[in-house]
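Scroll down for the structure; my scribbles are underneath it.
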Amino acid sequence: MELVMAVAVGILFMLGVYLILSKSLLRVILGTSLLTHGVHLLLLTMAGLKRGAPPLLGGEADAYVDPVPQALILTSIVISFGVTAFFLVLAYRAHQTAPEDDGGGAREGGEMP
Amino acid sequence: MSNLLIMPVLIPLCAAVLLIFLKENQRAQRLVAACASILSLAAALILISRIHRHGIQTLHMGGWAPPFGIVFVGDMLAGLLVLTTALTAAAVLLYSFFTIGPERERNYYYVFFHFLLVGVNGSFLTGDIFNLFVFFEVLLISSYALISLGGTRAQLRETVKYLLINIVSSTLFVAAVAYLYAAVGTLNMAQLSQRIAETGQGGVLNVIALLFLIVFSLKAGLFLFFWLPESYSAPPLAVRALFGALLTKVGLYAVLRTFTLIFAYDPGFTHPWIAVMGAAAMILGGVGAIAYTDIPRILNYNVIISVGFVALGLAAATPDALDGAVFYLMHDMLSKGLMYMLGGIIIMLAGSEKLGDMGGMLRRYPLIGWMFLVLALAVAGIPPLSGFAGKVLIIRGAFEHGMLTLSLIGLASSLLVLYSLIKIFMLAFWRSEPAREYPKVRAKGATAAAAGLLAIVIAMGIGSEIVYEYVAEAGAVMAHPQAYIEAVLKE
């Protein structure tokens, strides 16, 4: 299972980087989004995938899952959603201010879909 | 346990929330912002005296003891940086009362200002590497808002780049945290340090250390600074002062903290990287600073030089050099804030950013001119002023460590700093007046704010002995992380 996750993370990173390197700002935003999702999966995988029961406190459980990575991912997802939302608004505003060159001229010669 | 530790985070947070409701009332906004600033200063001073008398302070959130709970740690390094932040922020706040304009004030400028301070102070005080990431994000999101606030075309363009760079570096930060958690199994900095000391810092941990170095260098502008000169030119003057003084320094603090506490056990592998990156930052920053003839770019490249210089102190890692790094970091936050404030006043009075359009300002504005000259001398490290002590300690430490070339680069970078700033002084103030009309602007209030900060810079230089007593305490914790570990993990 870890191997599958590693490959998935690799593919997400690859697609993310590819999209970030493209010209249109919207693709760049999608790219950053994929990149952060890739890193969340990485966090989950690196901390060890699910083994046994839910995370319990105080119970005499034989097996339990490490709750820390899930708490970390939750925080990280919230942050990445916030930043992505800001990025989208910024791109929209940049498109409004300077529609002729994609998003305020971050890159020359591209178009904003 | 000391609840005082949360105050530097809580005061700006409450102020920011309160300020949201005072959108239309300019006077109330300023009053709240000023009160929060004074309270932060008081909290920082009390915190430092407490640390000085009782040792490292810790606060366990919700009563959960580390390593399981979230912990705030106030050692002398964090305390001094919180105090310096409070001083700089107070001066910049006063400066922005006179320069930021009602339009931005009405659009939550002070709110973002205070959220930024939440992030900065939180980064200094947290004792947990994931919370460092969270506080980084708090300050970054506020900084995105501050850069783009106003929505001119240049601002939007630069925000897009700045945002993209920071999203990528934050992604790498989370990846580095994931690897670190997989390798060591904890995120509490003290426990990380303890476990790495037990197992030894082998191959995998060195790779993770370098990943952290890349992440923090991107944020600090240490070698990976390609985004900095343009991004810092876009926002209004007060925001530039805030960024130049605080943002890169948080990244630098993270480098100092991680490489003296967590990844301190294989300096033969990690520290040469820091040294080379610091040297590259000093050389490239120096080239940039002397190459340009517009004030914002000269100042932006000066930020990069000083970041490289602090990295040099860390790379040498002798107790002296670490003391010097702390001293210089404090001096740098104050003086860079002041430099941007004075640079902003010059731009405002001359009505242009280009040095070619200026001249003869010494007769019109003698006070500003002499203030700028004193600042230039302080930044270059001329003895009675604040840059001197830190510089001497760092250079001496580097010589002791046998880093001859790097020490020479460090010394040469001081000359480049002096040259680039004196160039501003010569061209803007000393040269005969150009055949153009200066705009009629008054900058009394902004000058008063700058004068206050200059007084602190001078006082810090003259009172080096007193400051050094506290700085040495911070340096001692960095040189011997055992004290930090014991303070956090003791029962």
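Cβ atoms are placed via backbone N, Cα and C, with glycine included.
Here is what TrEMBL records for this protein:
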DOMAIN    B:128-416  domain 'NADH:quinone oxidoreductase/Mrp antiporter transmembrane'
TRANSMEM  B:6-22  transmembrane segment
TRANSMEM  B:31-48  transmembrane segment
TRANSMEM  B:68-95  transmembrane segment
TRANSMEM  B:107-126  transmembrane segment
TRANSMEM  B:132-151  transmembrane segment
TRANSMEM  B:163-184  transmembrane segment
TRANSMEM  B:204-229  transmembrane segment
TRANSMEM  B:241-265  transmembrane segment
TRANSMEM  B:271-292  transmembrane segment
TRANSMEM  B:337-355  transmembrane segment
TRANSMEM  B:367-386  transmembrane segment
TRANSMEM  B:441-462  transmembrane segment
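If you look at the transmembrane segment (B:367-386), the same-chain residues 6 or more away from its ends with a CB under 8 A from one of its CBs are 302, 306, 331, 334-335, 338-339, 342, 345-346, 349, 361, 392, 414-415, 417-418, 421-422, 424-425, 428-429, 443, 447, 450-451, 454, 457-458, 460-462, 464. With respect to Cβ pairs under 8 Å, the transmembrane segment (B:6-22) is most closely packed against B:107-126, considering the stretches B:31-48, B:107-126, B:241-265.
The transmembrane segment (B:204-229) and the transmembrane segment (B:107-126) are not in contact, since fewer than 3 Cβ pairs between them lie under 8 Å (pairs 6 or more apart in sequence). Between the transmembrane segment (B:31-48) and the transmembrane segment (B:107-126), three or more CB pairs separated by 6 or more residues in sequence fall under 8 Å, so the two stretches touch.
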